[in-house]
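These notes concern the structure reproduced below.
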């Protein structure tokens, strides 16, 4: 019987209606799930605005901050030398720092003409800087430079005291971070007392200028950001297999033939500029010339330096590491490193020594003969150690110290006392730290801080959570741990992405190496780092965001 006139849906129409209803329910459920995920993520890392107030990074050793607010007027505030300071107007390093930090404090904001009721507020009119010992104004920073300082902020004069200029530079950065604008646009600072010094003496950033050439202006920008985060070592991995951009005075063919192009080189003037720019910010420039591996670009401009590699048919088919059997190798290296010691004033040279591939040496009959003559048998680690020992002796004769990657220690090279070992292999690095320090060698750590290994999300947290001294050993061993480095290797990094890939991720490493072991509060770190990141952006550093949020300066 046909039901006419009732308007009931036919079976196909009913099925379509049911499917539509089911689809709508599923979409609603998925929306709810997505909302729950978003809420959970927001709860884990809340969206933080750039709220007013100081955000110190890295956190000083001791901070006593009162609620008493003082004000600064850009046109009526000066940074100058204390009358009893051992440094004075002739100290170019401090004079330039005074101008620089006045600009950091006031120059990146729209100056605000304050309403009349705010003109009479208590003001800080001057920051007096006092160096109490020999200033070292014209010196270069070194591994034992004193970076301690005290800062007393009160009206009408704030006082910054440091034993050396290096501590004054760190204190100026802290003072600049204390200043903020209130809701009226007034430059404000809390009455404060700060006593500060770094936990570790070596706090480095590694840049790689071989895989990709980095223009000098990018290196200088990196040095600025390092100063904002109180890093004090630029580890300059300047050459590698891919290119040789260092323009040697003695061996110009190294860069003429080994660089990507003649415009992709660092001239002597470029190198001097980087070193002086770093010095004015209290930063050492540590050059790395990695041998005997990672040297293919060297061979293009230096004949007979590299080892010929042979196929199974005894045919020459490529070149490998530096040839460790020839006297000419060591004559070249002696002359080359003498030049490096004169160009780079730092007391250390990083000699590399990592990832040496033995297959080429194994294929070369002359290398095999040399091994037999020396009694090395077939243990190519002994040949590697033979080479490393020769290079270490060269460095010692030019009165420089050596830093090496951990393989040099692992492969039983005879290291001179005081040789610094850099631990970079992420697997079981605490055990490696224990072994190196048990043998009496100073150590620096980079294994957990390879910033080229990127991941989506807030990976700064894992860098921040590392406790460098969390390895087995005596107190004497722990004292041999002198610091660490955040490394940004250059296979996938050039001038377009170096800065946002470094910052603020490297900032997490900076606080871990400067601040007390007890500074561990992740929520507080997130709040401070979010605002510190905004401050870096205001100062011209293209630091990537930590999470959802905003910076106050974005609408200025």
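Cβ atoms here come from the backbone N, Cα and C positions, even for glycine.
The model shown is predicted, which means the values in this text are computed figures rather than measured ones.
Annotation comment: Swiss-Prot describes 1-42 as signal peptide.
According to Swiss-Prot, the feature N-linked glycosylation site maps to 84 (among others). The local packing around residue 84 (N-linked glycosylation site), expressed as other Cβ atoms within 10 Å of its Cβ over all shown chains, amounts to 10.
The Cβ of residue 91 (disulfide bond) lies under 8 Å from the Cβ of 81, 135, 137, 165, each of which sits 6+ residues away along the same chain. DSSP gives residue 91 (disulfide bond) a coil state; it is part of no helix or strand. Sequence annotations record features per position, and here Swiss-Prot assigns disulfide bond to 91-137 (among others).
The Cβ of residue 142 (N-linked glycosylation site) lies under 8 Å from the Cβ of 284, 346, 347, each on the same chain and at least six residues away in sequence. Taken from Swiss-Prot, the feature N-linked glycosylation site covers 142 (among others).
Long-range C-beta contacts of residue 190 (N-linked glycosylation site), restricted to its own chain and to partners at least six residues apart, with a cutoff below 8 Å, comprise 54, 65, 66, 67, 68, 69, 70, 153, 178. The N-linked glycosylation site annotation in Swiss-Prot covers 190 (among others) and rests on experimental evidence.
Taken from Swiss-Prot, the feature disulfide bond applies to 309-360 (among others). Residue 360 (disulfide bond) falls within a helix when secondary structure is assigned with DSSP.
Summarising the annotation, Swiss-Prot assigns N-linked glycosylation site to 327 (among others). Note: residue 327 (N-linked glycosylation site) has no non-local neighbours, i.e. no same-chain residues 6+ apart with C-beta under 8 A of its own C-beta.
Under the three-state DSSP scheme, residue 355 (active site, proton donor) falls in the coil class. Counting every protein chain shown, 11 other Cβ atoms lie within 10 Å of the Cβ of residue 355 (active site, proton donor). The feature active site, proton donor is assigned by Swiss-Prot to 355, with experimental evidence given as support.
Residues or ranges marked as site 'Not glycosylated' in Swiss-Prot: 497. In the three-state DSSP scheme, residue 497 (site 'Not glycosylated') is classed as coil. Sequence-distant neighbours of residue 497 (site 'Not glycosylated') (same chain, 6+ residues apart, CB-CB distance under 8 A): none.
Annotated disulfide bond per Swiss-Prot: 534-551 (among others), in sequence order. Residue 534 (disulfide bond) falls within a helical segment according to DSSP.
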Expressed to the nearest Å, what is the distance separating residue 355 (active site, proton donor) and residue 84 (N-linked glycosylation site) at their Cα atoms?
53
Once near-sequence residues are set aside, which residues in the chain of residue 309 (disulfide bond), 6 or more away, have Cβ atoms under 8 Å from its Cβ?
316, 317, 318, 319, 320, 359, 360, 363, 364
Residue among the disulfide-bonded residues 137, 534, 551 whose Cβ has the most other Cβ atoms within 10 Å:
534
What kind of secondary structure is residue 327 (N-linked glycosylation site) part of, going by DSSP in three states?
helix
